[in-house]
2 protein chains.
Amino acid sequence: MPELRQNPATKEWVIIATERARRPEDFPQKPPEIQTPEEIEKCPFCEGHESETPPEIFAYREYGTAPNSPGWWIRVIPNKFAALIRDGLPKREKIDHFFRRMDGIGEHEVLIEHPKHDFTIATMEEKQVEEIFLAYRERYLDLCKNPKFELVMVFKNHGQAAGTSVRHPHSQIIASPVTPQHVRHRLEEAMRYFDDNGVCVYCAMIEEELKMKERLVLETDNFVAFEPFASRSPFETLILPKKHSSSFQFITSDETKEMAYVTKAILSKLYKSLKDPDYNYVIHSSPCHEKELEYYHWHMQILPRITALAGFELGSGIYINTVIPEKAADFLRNA
Amino acid sequence: MPELRQNPATKEWVIIATERARRPEDFPQKPPEIQTPEEIEKCPFCEGHESETPPEIFAYREYGTAPNSPGWWIRVIPNKFAALIRDGLPKREKIDHFFRRMDGIGEHEVLIEHPKHDFTIATMEEKQVEEIFLAYRERYLDLCKNPKFELVMVFKNHGQAAGTSVRHPHSQIIASPVTPQHVRHRLEEAMRYFDDNGVCVYCAMIEEELKMKERLVLETDNFVAFEPFASRSPFETLILPKKHSSSFQFITSDETKEMAYVTKAILSKLYKSLKDPDYNYVIHSSPCHEKELEYYHWHMQILPRITALAGFELGSGIYINTVIPEKAADFLRNA
């Protein structure tokens, strides 16, 4: 059973994921960087290997094909090495009246983005990317209904520097029984701005970026993509809906398709101009059971992982970025 | 001139380090992992190459030897690719009444830990490690005196996964003109605990760890080293002074030597049992101009970088740790 533990000094939660636990003595071996042809042959995410994964939760598949058989184009399964598991109640407990823990109750899903091994969003057909994003929405809405979960996070790790050794294109969705400090602080800062100014800080940011234009990368009817003024790392890109909304759960299916288009466009620019860099993306959204909040604005953050996080960043939270965001935007606009 | 920029939504600062800026189009090339013999031959940190670095700020050297010549055993120089620079005034400015920036005023020093290229703290003599820590203290005290600086951070990046490509043993010291949100939040949480309980949360944690013993790795007269209950990553280790103190600037020279001993012991255990893993360490201390604070406790955090930070960690701030801290402690105790 995985476990959530809280740091008593910082109130930050960590997940001790015993399901995927390695013994300490197994650590000197680093994971291999590139999968061998034999490993690709055995990839459990490839079409035809459905029996090698846990049973599917959800799939887009051809009419008449049975679950856990070929015929799908998007497939969602429980993560075999889940950081959080479904069964049980997330009850906080105290150890020795000092430390706080709870069972690692939640959900950890893998969304297989394509039946074939050698694609990535940058190289997939438009239609397939739309379906990936529609599937994100389906799973997001479903998980948000569960009263046990406070935060649902859709994210993607692409490449080893971004934390994955699996090359088959996939995203992940984690439903957490706690709202972490990190998210609380973002909400509180946004609330403070709203209290001072009477407008959402992200709405104000969109207005600024559309006016100044120098950090803008892409604009569609309903979305805007730009390099943030205080980009944490080279080519960090934010995608925001222009219309104010605090949660990804309020997106329409048409908007979802438009968001898929914008995301694919940005990832294609990164793929071409930086030669398929490792990256993460994350959808930041308000906690599940909140209604529409006037002070927060959901958004997607794309973080290329081309520079390492070092001691100063980890200790101070101040990131050192070696590329001027306006230059990065200019570079991506022309890519 | 480097620049500090604040994210208007989160109030987090980033440094845009133009001094070390790379052009966007230079990014597809990843830095080489291992230095070639020719690169080692040319290493500017090696004894005899003093003229290839900026002039030294400080050194421990043999009596009668001139600055910037051989004869030193510890040498502190300005970072050639400084994230922050000394000259100027750290004045906040607003852009378009929305974005906040300031010139990147501060200090960024490199502490060369040894005249020779192929040592690391785990393999150095005890005496040399003591001198490294005494030099940290000297620089810390000196930088803290400068009214322009709010936070001084001593840290080390060891190995490529920890953010360095330079193998010559070195640490860094950055003096920042702002106290970042990340540090403010830690101080606020500690203050909240103090307000509720009337004791420092780190003092309470030390008491717990000494009582429970299962996460303890090492204890000396004045220091304790343990795997935190909510370790963020495998083998994260904290070193704390037993006596309450909020800042590294209040450490005595005898305590500094004892701290060097404890740090070297932990790093030697990691070196032997995990085969020289990449790691960062950071000294967390209260802002410079604070007097002794009753609610905060300075400490050193050692973070082996054997698993990558992925999208979920970056997005939620919840770390997934695959090794149970009690098992990690047991493993290190016996290493």
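Yeah, the Cβs are placed from backbone N, Cα and C, and that goes for glycine too.
TrEMBL does not curate its annotations; it predicts them automatically.
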Per TrEMBL, member of B:His168, B:His170, B:His182 binding Zn(2+) alongside B:Cys43, B:Cys46, B:His117: B:His168
Helix, strand and coil residues within the domain 'HIT' (B:201-312) as assigned by DSSP: 38 helix, 25 strand, 49 coil
Cβ within 8 Å of the mean position of the Cβ atoms of B:Cys43, B:Cys46, B:His117, B:His168: remaining residues of the chain near Zn(2+): B:Ile40, B:Pro44, B:Phe45, B:His49, B:Lys116, B:Arg167
Candidates B:Cys43, B:Cys46: member of the binding-site residues with the richest Cβ shell (10 Å): B:Cys46
Cβ-based isolation winner (fewest other Cβ atoms within 10 Å) among the recorded positions B:His117, B:His168, B:His170: B:His117
Inter-residue Cα distance where the pair is B:His170 (active site, tele-UMP-histidine intermediate) and B:Cys43 (Zn(2+) binding site), in Å: 12
DSSP state at B:His170 (active site, tele-UMP-histidine intermediate), helix/strand/coil: strand
